[in-house]
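What follows is a short report on a single structure.
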């Protein structure tokens, strides 16, 4: 068994809305090891967003313990969590969240800008490396508004990779993309997984679970299913099987 | 957090919104430029008035007879004969705070030279008068001791007199001017001084030795006044006290008697005019200051809108590891950069505007270095002050909410 990256122990998260208390997470426990590609699925209201926020150290649980790379997150202050996110987590969002009118390199450099230990030269080098890794080596100086959705998502993935995080958190990362581009992004995630990255992919789309190594299903704040996927489909094959688009010719 | 990185981040953010940054700056630019230009105009007019006063002789002291009562009737000072030549001599010999002293007698009449004539008055004085009134002999020479001792029939004339009596441009030196039938030989011409701030023609002047005016023109033994100048402007009061002591002693006044003379100094005049111009400067600066504040509110407004507009960007920055303080610093740096750049442009524009006012409208303009520093410092503070609230708002955003902001 390889090293545990994420460990949740009976995580509960309550929100007070008016007079009512909403229980978004009702005691969630699981471990994710290094090199896993986990899909967290659930319908709207199942608590997956809250879980993602907790995993991403954007939110703290009401009770329970969360260890990220062995570090207890629950008692951390806001700025400590910010630093933790900066060093340990890479986010990929549904709507890319790139800085507008900013080049791909500058976008990818962003997390390193908040890490004083990284020099300007190293920052640039690592950003370029990350962009090459996602297949955008020829789009370094393109601005975010000059790129397609798939390219923008690749930039976002490069940004998530650049700080060499313990875990990559993807929130509906293919939600805004067409089928073909979605598979291209999935191919990229599988490639990253093959390189040993830990990836957590949050989605409401059950089809995507076939391409990850482990599936966790949430409902009403509980884990109702946690299975290892014995037959991981290759996204590259699925992509090849798709009918050719005329635009791509 | 690395300061240079934050600076770069803020700079990139501004570069992405050049037009908006410029429009925000505009308020500060106009504010700073108007503060500088207004202060320059205020200071310029103050200076020009001060200069005119000092041209008249800023440390000038005028002693006139006065305040005498005869049988309960206050007398016209000019008719009084209490200031004597001996008083002048005593003052000249005894006063240590005086740089120069000259008696003053005056005879008015029609001046005639050849076929031209002009109404003016002949002022009888000593050579010290030139120093007191800041006059210079441009052509010819001043009086000699001999001229004064012998009551020589000589005179020094101003430019206006030259223009009126010698309109054809002949050299007046050596020519004869007649005043009340007394012929006076012109031995010098004064350098032109133009009009003073009171609208008096300072070149309408004829100077003769006081002995000449007293003996030959007026046949009187008293003086209409004594002009003196203190060693420095600051010593004017000491000089006045000294003159008062000497004159009271000479006039044998009892301690209960009022002075039978009046002493006036240019200081009174200059402080009065200074009060006026200071008031004007303050008013102008206030108006300009208000525009600076309005500019600052402009910054706050734009930064506030900018924070709302960039909520998702802030959320993203936070999610990749920006702490509240980093976001706060970024927005503060942005607003300070805007105001400093605006301030710099404003300084250049203000100086340029002052220069234009000077060359086109011919207003006296003087840019004081402190006014530039002051407005620059104020606009930097404006940036911090008005940038703080929006920056704080940005820093306090919840990253989850911010990321989800539509």
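Cβ coordinates come from backbone N, Cα and C, glycine included.
Under the heading transmembrane segment, TrEMBL lists B:21-42 (among others). With a cut-off of 8 Å between Cβ atoms, the residues of this chain six or more beyond the transmembrane segment (B:21-42) that come close are 14, 277, 280-282, 284-285, 287-289, 291-299, 302-303, 338-339, 341-343, 345-347, 349-351, 353-354, 357, 363, 365-368, 371-372, 374-376, 378-379, 382-383.
The annotation domain 'MacB-like periplasmic core' is assigned in TrEMBL to B:22-245.
Per TrEMBL, transmembrane segment is recorded for B:279-307 (among others). With a cut-off of 8 Å between Cβ atoms, the residues of this chain six or more beyond the transmembrane segment (B:279-307) that come close are 17, 20, 23-24, 26-32, 34-35, 37-39, 41-43, 45-46, 314, 331, 334-335, 338-339, 342, 375, 378-379, 382-383, 385-387, 389-391, 393-394.
TrEMBL lists B:286-397 with the feature domain 'ABC3 transporter permease C-terminal'.
Under the heading transmembrane segment, TrEMBL lists B:328-357 (among others).
What TrEMBL lists as transmembrane segment is B:369-389 (among others).
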For the transmembrane segment (B:328-357), sequence-distant contacts whose Cβ falls under 8 Å of one of its Cβ atoms, 6 or more beyond its ends: 1, 6-7, 9-11, 13-14, 21, 24-37, 40-41, 295-296, 299, 303, 306-307, 317, 322, 363, 365, 367, 372, 375-376, 379-380, 382-384, 386-388, 390-392, 394-395
